[in-house]
Amino acid sequence: MNKLALYCRSGFEKELAAEITEKATALGVFGFARVVENSGYVIFECYQIGEADLLARKITFSQLIFARQLIVVSDLISNLSVQDRISPIIEYYRQQEKILNLKQSSDIWVETADTNEAKTRAAFCRKFTVPLRQAFRKQGWLQAKNKKSGITLHIFFTQSNSCYIGYSYNNNHAEHIMGIPRLKFPAEAPSRSTLKLEEAILYFIPPNQEATRFNENKYAVDLGACPGGWTYQLVRRGVFVYAVDHGKMATSLHETGRIEHCAEDGFKFRPPKHCKIDWLVCDMVEQPRRIADLISQWLVKGWCKETIFNLKLPMKKRYFEVKRCLQQIKERLNEQHISFQIQAKHLYHDREEITVYIRLM
């Protein structure tokens, strides 16, 4: 196994290929990315044996922007028999036992790409998981007592009779099958954009810290808030929100008594002087560098402590633009000797955008 399989949103394969190549090179690992446009994944092939495993351990998954999952995989296994796909899969894993401790495996995920073409395979993957898991347990696999330090086995079907076989490290991978969190749209939310902020909070904020970072003692500003999809996520967590937008906010949010609607331009709005703002959130449709400059201003001036915002990406040179915007923010903060934590992710509910989280330390 000397390849990495990385999942992504369909159409972002080139960005992911550029990112993984850059990360690998920084670690002294060289290889090449196999990219099929709109396939929903990238295969990165290393030149030296053992280097794919090295990357899976050394690249911090949470620092990858466009990857939904990070898996060490085999060569593509083709022409699997419809009558028996399980036996050759088990045999391949057996051949890896000298270098891979399968008794440290905790689960098996059968996956496919997140594309319209692959949707027909998704149902098969779910059904195939049950007998495959049973067969693996008979081998003495999937028995890891400490899941956090174990591995997850992956079968990634590119066709119904072709798959990559591999594994990921539980302490350095996405926690969801296919890297996709399953969130339910709340009926009372004003817009579907609410799922973007919900996913961002679940991704960036540790579960055991959420109640202390979002509660009735916290204040937030939502720039470009109308009709209130992002404001809703803050209000339901108890936060008081200054909702900034010339448009109307949902009546249901006004009825909570936890918002103040400020009919102003998000770029000109200034925080109220009578309270300290804990959170700034922003999902305005604007040039990414303009948003990066706006967020930098809020952070440098100390107008907020934490922020979650989206950068809308151009049609071309998207990875280049992301890097430039993030570097722009980092340079502004470093110039002022401000300590900070920053993460960026192309979340499942994002489309032509990425979500960025910054916390002042």
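Here the Cβ of each residue, glycine as well, is placed from N, Cα and C on the backbone.
Now, the feature entries from Swiss-Prot:
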BINDING   S193, C226, P227, G228, G229, D245, D265, D283  S-adenosyl-L-methionine binding site
ACT_SITE  K312  active site, proton acceptor
What is the one among the binding-site residues P227, G228, G229 whose Cβ has the most other Cβ atoms less than or equal to 10 Å away?
G228
Fewest other Cβ within 10 angstroms of its own Cβ, chosen from the binding-site residues D245, D265, D283:
D265
At a 10 Å cut-off from the C-beta of C226 (S-adenosyl-L-methionine binding site), count the other C-beta atoms across all protein chains.
19
Compute the C-alpha separation of G228 (S-adenosyl-L-methionine binding site) from the residue listed as 'active site, proton acceptor', stating it in Å without decimals.
19
Tell me the Cβ neighbour count for the residue listed as 'active site, proton acceptor', meaning other Cβ atoms within 10 Å of its Cβ, over all protein chains shown.
18
Would you count the other C-beta atoms found within 10 angstroms of the C-beta of S193 (S-adenosyl-L-methionine binding site) for me?
18
